[in-house]
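Taken verbatim from TrEMBL:
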{"type": "DOMAIN", "residues": "32-80", "note": "domain 'Transposase Helix-turn-helix'"}
{"type": "DOMAIN", "residues": "113-143", "note": "domain 'DDE Tnp4'"}
{"type": "REGION", "residues": "124-144", "note": "region 'Disordered'"}
Amino acid sequence: MIFELLQYHEHFIQYTSRDDPALCLSKSIDNHKLSAENQFFLFIIQLRRATDEQELAVYFNISQSTISRIVISWTRFVYSVVSSINLRPTKDQIQQALPLEMKKNYPYVRVIVDCTEFEIEQPTNPQAQQDTWSTYKKTNTAKG
């Protein structure tokens, strides 16, 4: 789903130069070995698992320097796309999208904050057990 959003902007990606990482090129000779989808997959693996670049180079059969340039380039690219998304709709946009019941009960609502809890192992420290206990989930959780 994320890649589908990004692929509409894919032609805007600028790959870092081999000689100067601060210099951006519209295309890179080495990057043709991997499709944009595989480059994104490589980028996501690097983000999620912090996989060593040498290991990724073996997996994708490209040089470590190319891995580095792809990760830097995709980081910049994803940031430029995601940072342009408006996460704060206007008051009018919120009012138009609110269900009638919400409008009646909470006419001035601007933001709904949601929280999630992930089950964790029970800590050995009694204070940590108490701090992480969720009466809602009936287990120890990390909240985010």
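Cβ coordinates are placed from backbone N, Cα and C, and glycine is handled just like the others.
Beyond the ends of the region 'Disordered' (124-144), by six or more residues, the same chain brings 115-118 to within a C-beta distance below 8 angstroms of the stretch. Each residue in the domain 'DDE Tnp4' (113-143) gets a DSSP state, and the totals come to 7 helix, 10 strand, 14 coil. Secondary structure by DSSP for the domain 'Transposase Helix-turn-helix' (32-80): 41 helix, 0 strand, 8 coil.
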